[in-house]
Every structure is written in C-alpha cells, then in structure tokens.
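J.: Taken from TrEMBL, the feature pyridoxal 5'-phosphate binding site applies to Asn118, Thr361. The domain 'Tryptophan synthase beta chain-like PALP' annotation in TrEMBL covers 54-362. What TrEMBL lists as N6-(pyridoxal phosphate)lysine is Lys92.
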Amino acid sequence: MHALGLKCIGCHTTYPLFPLYECEKCRGILDVYYDFEKPRESDIFLPITGEKRISLGEGNTSLLQSRNLAKRLGLKNLFLKCEFTNPTGSFKDRPVSIGISKAVEFGFTKVIAASSGNGAASVAAYAAHAGLEAIILVPEKTPIEKIKQTLAYGANVIRVKGPYSNCFTLAKQVGEKQNIFNLTTTFLNPYTVEGNKMVAYELFEQLNSSIPDVIYVPIGAGPLLAGIYKGYLELKHRHHFGKLPRMAGIQAEGNNPIASAFLYGKSSVSPVANPCTIAGGIADGLMGYEKDGMYTLQCINESKGFALDVSDSSMLEAQMWLARDEGIFVEPSAAASIAGVAKSLQENRIREDDYIVVLLTGHGLKDMGNVPVACEVPMIEYIDQLFELLRK
Ligand SMILES: Cc1ncc(COP(=O)(O)O)c(C=O)c1O
Ligand SMILES: [Zn+2]
C-alpha cells in the first residue's frame, strides 16, 4: 500500500494516517499521499492492505459500449460504466468499503454518515457486514426506497428537516462530540475518497490502456470525480502516458454551485441554501463546506474539462433513453450524466468522434417516484380479452 500519511491540499501540512477530517492549521481537505518510489506488491494505491479490506464484492463493474444511445446522440464511441451494479446499487460501495475497513482498523464500533440515500444504504450494508453499529442522517425528502433499503440492513436511520447540508453539519458535530467514525462520503473522510480511484484503474484495464477523451460524472460535492482524476494522475505517474481525460462534472439546474462557478469563470463556489431538483443524489448545496466544491472545480479546470447543469426534465428524458435504447435503468441523478452529454454536444464542448465514458452511478429501483411512465396497465381474465388487447 505504501500510504505515507494525510496531506492538506491547501497548506500541505502532513499528518499520520489517523481518523482526521480536516487540516488542523487551515481546515483544508486532507488527502492520502503515497510513496511512489517504493516497489509495490500491486499497482494500486490504497490506504488499506488486502487482508484488512471489508468487502461485499464491490467494483469490477462492467463497461458497456453503447450502440443505440450513441447513435441517438450522434456519438461514435460512447462507453457506459455501470456503477449501479455494485452490491447496494450505487458507486458508493467503493468509498464505503475503504472507509469501513479503516473504521475497523482504528477500532471503532460505531459509524455515522450524512447521506442523500445511496451512501446511507452502503454504509448500513458494510457496517452490518463488519458488525458495526450505523447511525444515518438523511434529508427529509429522501426517496422511500433508499430509506427502506437502509433500514433493512439494520441501521439507525434519522430524517433531518431541510436539505442535505443540514445532515452533513449534524453528523459532523455528533461524530466529533461522541467520537464516532464519520463515513460521510464527501471529502470529509479522507479514506473514502480513495475508493473512487478504483474506477480509473478499472477503466485503464477495460480500455486496454487507452485514455478516454472525456469522463462524465454527476456531482454533488464531487469526490467521485476527484477520485477518478486522482486515479488517472497515479496511473500517469506509473505508466508515463501524456494525456489525461477531461473531467466533466454534471449538476442539476436547481442545485448548481460548481457548474455556475465554472460557467462564470470563478474559482470560488457559492453554496445553494435550498436545492430544488428531483435528483436527490446530486442535491448537495455545499452549505458550510464550499471548499469541497472548490476542490472539485480545481480538478475539473486542471483536467481542461468543464461543468454544466441540466434540467430535471432532461434527466428524465435521458433516464428513458437509457432504459429503452440500452436496457439500463438508472435513477435521475445518474441519468444526469447522459443529459450532460447531450447538452455538451449541443454546446460543442465535445466532438462526435471523442472517446466518452459516462458514469452511471445509481440504480433506477432506488428512486421510483418520478419515473416517467404511465402506470395504467390493463388487467384481463380471459384469453379473448388478451386477443382483443393485442389486436389494438
Ligand atoms: C446516484 C448518485 N450520483 C452521483 C452522486 C454524486 O456523487 P459525489 O458525492 O461524488 O459528488 C451521488 C451522491 O450521493 C449519487 O447518489
Ligand atoms: Zn492546511
């Protein structure tokens, strides 16, 4: 593993690999750093050794080349990274596997997390697997499917009035006061972010060492995007390729702190007090931790990528394209990335022959409230009625 410690991304102060959440000097984000020079047992940099890993079999998700949707959009090389096939139905199993492993290694018996629902289910499942107690704070509007899934794993689930940021603040305060390991999957827990890097390592293998031109990621605070980018930086260091993928961060029109900062050319990110979108997974207004958004924006800019926002109706349209063109059913927050591809094509941010990878982050069954299908399904009793229906 050869993780050397934690380093502040702002002032570069270093710390040992302890349960820390922010720089003690400047409150900056902490990042795991490694010894790149030492020979390693594997090519992958993670802050945990293999035998200590708590796993439910996350990762190694399929990368499908799209035919029908690619044609609809006018793209020649569109690849879909199926993160919704992870054990609890979202990409969050990658960061949570690493985070729970560290919780066990540090000797915690209880974990806490603020989540819009996918991290919730993931933390609950991995805590159950590791024999830990889980306290989960979710926003009041969390889809019932995600709440039930989290309860099924035996977690203590508490709904918090207002948006996601309120859950974030409460979980942080309670975690600090009661010394409970905080597994909130923003940039708060430096270990969880490392799990997201695995997407880059897998893509490198699945694309036979070629580097995509653009990678689309739906973003809340953006640790998935930043993690993938960090993974490619590590791969570049090891394999000496020149090019890096451009990172495209996709937000909802009703909650676009990072996208609007990008579009207005600002380096600072202003929080959104009341996010308003059907895409709960990306409805993080960053209230009180705007620095997370600035770091994600920095990764986007460094990669020469872009951020943009998409409407709720375009997400639902993209959700149906995926389902009917490809047989893939994802939740609106995940479909946002496809809506982002369509918008960026219109805005000439990409070319039709670019190699595009799209992260499909969460399963459709997790958020069924807004699926745009009419539920008027006919009911019959006799075969004549069936013939009659099929004649229409
Ligand atoms: C389905 C889905 N997509 C994307 C995201 C955003 O990911 P990140 O927290 O890395 O910004 C989330 C976060 O909860 C999510 O649930
Ligand atoms: Zn610092």
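Positions of Cβ are set from backbone N, Cα and C atoms, glycine also.
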J.: Sorted by position, what residues of the same chain at least six away from Thr361 (pyridoxal 5'-phosphate binding site) have a C-beta under 8 A from it?
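T.: Thr361 (pyridoxal 5'-phosphate binding site) has long-range Cβ partners Glu83, Phe84, Ser90, Phe91, Asn118, Val217, Pro218, Leu224, Gly281, Val330, Ser333, Ala334, Ser337.
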J.: Could you list the residues of the same chain, at least six apart in sequence, whose Cβ is under 8 A from the Cβ of Lys92 (N6-(pyridoxal phosphate)lysine)?
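T.: Asn86, Ser115, Asn118, Gly119, Ala121, Ser122, Val123, Thr185 - these are the non-local Cβ neighbours of Lys92 (N6-(pyridoxal phosphate)lysine), listed in sequence order.
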J.: Which of the three DSSP-derived classes (helix, strand, coil) applies to Thr361 (pyridoxal 5'-phosphate binding site)?
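T.: Looking at the DSSP assignment, Thr361 (pyridoxal 5'-phosphate binding site) belongs to neither helix nor strand, so coil.
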J.: If you average the pLDDT over the domain 'Tryptophan synthase beta chain-like PALP' (54-362), what number do you get?
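T.: So the average pLDDT across the domain 'Tryptophan synthase beta chain-like PALP' (54-362) works out to 97.
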